[in-house]
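Student: Per Swiss-Prot, domain 'CMP/dCMP-type deaminase' is recorded for 3-115. Annotation source Swiss-Prot lists Zn(2+) binding site at His54, Cys84, Cys87. Sequence annotations record features per position, and here Swiss-Prot assigns active site, proton donor to Glu56 based on sequence analysis.
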Amino acid sequence: MHDSDKYFMKCAIFLAKISEMIGEVPVGAVLVFNNTIIGKGLNSSILNHDPTAHAEIKALRNGAKFLKNYRLLHTTLYVTLEPCIMCYGAIIHSRISRLVFGAKYKNLQKYICCKNHFFINKNFRKISITQEVLESECSNLLSSFFKRKRKIATKYFNNNII
């Protein structure tokens, strides 16, 4: 873990909290180049009616616009939740150097077919991965969000509103 990992993860957590305020799953991401944030993203799939509007994808898109290049060499992506398969694909193709995430994505194990999350050619460039940075803060944000959602759903279901 690098000295700056906690700082940049806290920036991603801030974005995740904004995502939650707009009714989205609280996930935030920042893309960093030379210790500077060049891309930010928060989940907005529901708001934008876009299944690809994940925090990671948005941070990568913003970073690519900033660098004027889709190849995001020598960058680090910080994200509050381990990326899904779609986001892993975008991360691999963007050629970032490093991925840092907070909470583990427990459902990902259902979909991975190869060791170490790499389901592509072994000769492809590898990405350094640092896991569970500020894990409890990231996990708590997600669990409290889903507890509230379940409580609301149960209330409506039990009162025959749905």
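Each Cβ is built from the backbone N, Cα and C atoms, and glycine gets one as well.
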Student: Let me spell it out: for each of the binding-site residues (Cys84, Cys87), count the other Cβ atoms within 10 Å of that residue's Cβ, using every protein chain shown. Which one has the most?
Tutor: Cys87
Student: Translate the DSSP assignment of Cys87 (Zn(2+) binding site) into the three-state scheme.
Tutor: helix
Student: Which one is it: of the recorded positions His54, Glu56, which Cβ has the fewest other Cβ atoms within 10 Å in this structure?
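Tutor: If we count Cβ atoms within 10 Å for the recorded positions His54, Glu56, the smallest count is at His54.
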Student: In the same chain, outside His54, Cys84, Cys87, whose C-beta lies within 8 angstroms of the Cβ mean position for the Zn(2+) site?
Tutor: Ala55, Glu56, Ile57, Pro83, Ile85, Met86, Tyr88, Ala90
Student: How big is the Cα-to-Cα gap, in Å, between Glu56 (active site, proton donor) and Cys87 (Zn(2+) binding site)?
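Tutor: Here the two Cα atoms are 6 Å apart.
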Student: DSSP secondary structure for Glu56 (active site, proton donor), reduced to helix/strand/coil, please.
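Tutor: It is helical.
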